[in-house]
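Summarising the annotation, TrEMBL assigns transmembrane segment to 12-33, 339-358, 365-385, 391-412, 472-493, 525-546, 865-885, 892-914, 920-942, 962-983, 995-1021.
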Amino acid sequence: MRHSKGLANWSIRHPVGVIMLALSVIVIGSFALNRLSVDLLPHIIYPEIRVRVLDSGVPPTVMEDRVTRKLEEQLAITEDAIHVQSTTTQGTTTVDLAFEYGKDIDVALRDASTRLDRARRTLPDSIDSPVIYKLDPSQIPVMEFVISSQIRDSAALRQWSDDVIAKWLLNLPGVAAAEVGGGVVREVHIIPDQQRMAAYDISYNTLSNAVTQGNGDQAAGRITMPGNELNSRISGRLISLEQLRQLPVARRGDTTLTLADLANVSFSTEDERILIRADGIPGIKLSIQKQPAANTTYVADQVKERLAWLKQQQIIPDDISVTQVSDQSIYVKQSLNNATTAAISGALLAMAVVYLFLGNLRHTLIIGSAIPIAIMFTCVLMGLGGLTLNIMTLGGLALGIGMLVDNTIVMLENISRHQQNHEHPLAAANNAATEVNSAIIASTSTNLCAILPFLFIGGLTGLLFQELIITISAAIFASMVIALTLVPALAAATKPSRSGGVRHLTDRAIKGLQRIYTAILKRFLRYRLLTLLAFILALIVSLPVFTSGKQIFLPALDDGRITIRITADTGISLTEMDARVTQLETLFSQQPETDTVFTLVGGSVFGRSQREQSNRSTVIVQLKSVAERELSSHQWIEKLQRQIASLQLAGFTVRMTQRGIRGIRTNSGSEDISLRLQGPDNKTLIRLADELTDQLKALPQLRNLSHSAEDRLNELSISLDRVRANQLGIDLADLIEATQIALQGKVISEFITEDHAYDIRLRLAEQHFNTPESIETLLLFPGTGSSPPVHLSDVASIQLIESPASIQRDNQMRIVEVSASLAPNITLGEALSAINTLRDKVVLPEGYSVYDGGSEKVLAEQNKLTTMLLGLALFLVFVVMAIQYESLRNPLIIIFGVPFAAIGVAAGLWLTGIPLSMPVWLGVIMLTGIVVNNAILLVEYVEIARDKGSSISEAILEAARLRLRPIIMTTLSTVAGMLPLALGWGDGAEMLQPLAITVIWGLSFSMLVSLVLIPVTYHLVNHRSSKA
């Protein structure tokens, strides 16, 4: 027997070497698989930087003037910055700086830090140190707990959490932060007696300076001696509360006035302004953040093990309970398990299809062994590429399963056919491999060329889908290598077995199908133009599916996390707010689908930062897993909205949303849709926002309408009479210091014990200033022998005003943002279409504009990007085929059939109700490389038959008859491999289900295109050729 050249032929002659290489791949692949980091999604770092500045208690309007504007001015000129926006609330300024995707964010962070240092010189001394960081979804806590106790008060619980549990968890590998929030912190309060201070002519500044200057150690230099040096230190730190009380403040005559003579000094706490509960039990919040590159499931497992050990060692005492309210790893594990199950199920279904057609258990096992080897080969490539194991990469493997067996089926089916003709196993394998080598390489090349352009795109799409594309590409490449090496080697070494009953039944069915198909194809070849027009008409009819407004960017993942935001009328007390929230909390807990209920009353807490707003509360309900509940998250929301409406909560607004993919942002706001109004006058902006919100409420596509300026704060405005103040020796700084000390206190020093540090806060007794009128009695100047004391009412007027709770700015101009969530079963595209129709009718005053907050831009870029990628994929597939055939005619015939796969895609989307999205477009682009495979095989066999002297009609009919079985086999095996993913069962399946459905329906219809349209087109193009 003469040996042909080529990889497949070499493998047939060296079966032991091929098997050893396959075993090496399995061993190395298993090692690589165990080292892959595990997460829900690929690691994403947005090209954005955030700066946060805190100045406790300062109203938003004051923060805007003193902090926000100055920060924006400096940060906006950071190199390559394209956008700056800010949000200012009470005591907090947050500025976001955006760059183009592709910008080195570490370089941008250094540049922005330099700008922040310059801005810091112009900011008030009272602010906390500004914090600057990259916007990274990994900063979202991977786990959250509520720590509660039956016997400890909030201050003791907070201190225990800070000193014990947070420190034990912080040193775990992969943990970036263990932050305690909520509760109250113990402080040393100095509460002056205003009358005694007036009597002794002591000002607040004198009191503050005495504590600041009288408490602290100071280096005093160095003593140099022969052969030795001694450092010296002045020990002035106060080590007991009694020392602080006896601290001298001033002398009056022969009397030394101590702090205890003028003020009450004691340990105390601030009022608890934010209430935290887990399943109705009060406590404080503990958030665990992982390091960016850390394994989510590993970190969560480490935290759980450490907590169990701490409980076992009684480091967590019996009176303290730690309740888990959030754990991202649970959903990650469930999603990955489902993707793994889908991959295994797909492999088994694909093998079942192969066995059904080949009826040969040995050949089926060859393909069965090829699948795990190809997967391990893919894992090796994933490890080399630094990929993580997430739903994208696992989904890529699940999608690739069907494509993995495609090449192996082509090779094995051809070997089986030669063996059925009683050829020697080696000769059969050698001859069959020679026939299909070029077709396998061509089909693999077209598959890769269709999807590789995705690797060159940027933006959020690139960050999300590049790992999926790399995985699928690796799987396709692996399938080619396996098909050209392992499959022929094993098939040649395997003795042909008698066909079983299954094969006989299949053969009879296929032969019958071949006769019917050949007869039908003869008719189509007779009416070629009519057949072509019918396909073109079907394509035209299907096009509206791709041009309709029913589209989204990404499918929403049903992780069961429901966010309920409760807003009450301005001025409500925390007690009344808590009573209403408790009523709702009980309702949520009673639902059979509910797992945990986490409640924040009176504001929000993120890490150690908290924002106090007595009229705002958040309840986060975690539903049970998809398998354990009958309702989806959206159905649960609809049910609860009806129940809440029946409660008739006057003065309260309850907004319920299911956020979709945590950490993925497609617009500037927190809701599905945001519109921004911009203009010179703030009052006009608010009026326009009210009108626009009312108009949008009439659209059935939207829910939860609100705008950023509708939440207001009641505020005391204290206006200084500068002339009168100057006459009495009072300036603005005196007024600011006195009111701050009276209403919130001022941290003036630190009291340090052996193991704790406590702020020393100078403040007045709260009961003296609990009404606007009582503020007027505030002592500003104690008076002297010749001058009477000066009170606030002597130099200032007090007025109760309403101010915005939040101020938003975009590119250094004030805006008001109108936000909304989507109604059930409404897509983003449909909602935007309705909004744009309404927006066209809105007449705005000159100088005012309304624009999209980002969602519309995302969809527009998606459509532009996919059009470009689709065109590029078609071009590259054509180039590969032209190189393969060294002609243009046959590649044009094959590429002509590709767009008709859209008919099947449109039918699938219409029947399943799935909207257009990025995964759907990715599936369409993948199809451009997949659907040509069958056509390549068919056209190649037609050419072989014509070379042997057959007429064009005879060649087409003979090739169609011979390739019917492998075409059906490869199509059904690919469909079977993707079917579990397309069914969308379990957690996390929503992301890749549209892609699988697109490929299945498109590939299924493309089989009809390959069997009917391609032969008809080939005949139309070649009927005048010399071979006809």
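Easy rule for this one: first residue shown is 1, then count along the chain.
Backbone N, Cα and C atoms are what each Cβ position is placed from, and that goes for glycine too.
Keep in mind that this is a model prediction, so the values were computed, not measured.
Among the stretches 339-358, 365-385, 892-914, 962-983, 995-1021, the one making the largest number of Cβ pairs under 8 Å with the transmembrane segment (391-412) is 962-983. Highest Cβ contact count with the transmembrane segment (339-358) among the listed stretches 892-914, 920-942, 962-983, 995-1021 falls to 962-983 (criterion: pairs under 8 Å).
Non-local neighbours of the transmembrane segment (892-914) in the same chain are 535, 538-539, 542-543, 545-546, 874, 877-878, 881, 920, 923-924, 927-928, 931-932, 935-936, 939, 993-994, 997-998, 1000-1006, 1009-1010, 1013-1014, 1017-1018, 1021; each lies 6+ residues outside the stretch with a CB under 8 Å from one of its CB atoms. Residues of the same chain lying 6 or more positions beyond the ends of the transmembrane segment (962-983) and with a Cβ under 8 Å from any Cβ of it are 339, 341-343, 345-347, 349-350, 352-354, 357, 395, 398-399, 401-406, 409-410, 413-414, 510, 513-514, 517, 930, 933-934, 937-938, 941, 989, 992-993, 995-997, 999-1000, 1003-1004, 1006-1007, 1010-1011.
Packing against the transmembrane segment (365-385) from elsewhere in the chain are residues 22, 25-26, 28-30, 32-33, 35-36, 343, 347, 350-351, 354, 393, 397, 400-401, 404-405, 408-409, 412, 470-471, 474-475, 477-479, 481-483, 486-487, 490-491, 494: each is 6 or more residues past its ends and has a CB under 8 Å from a CB in it.
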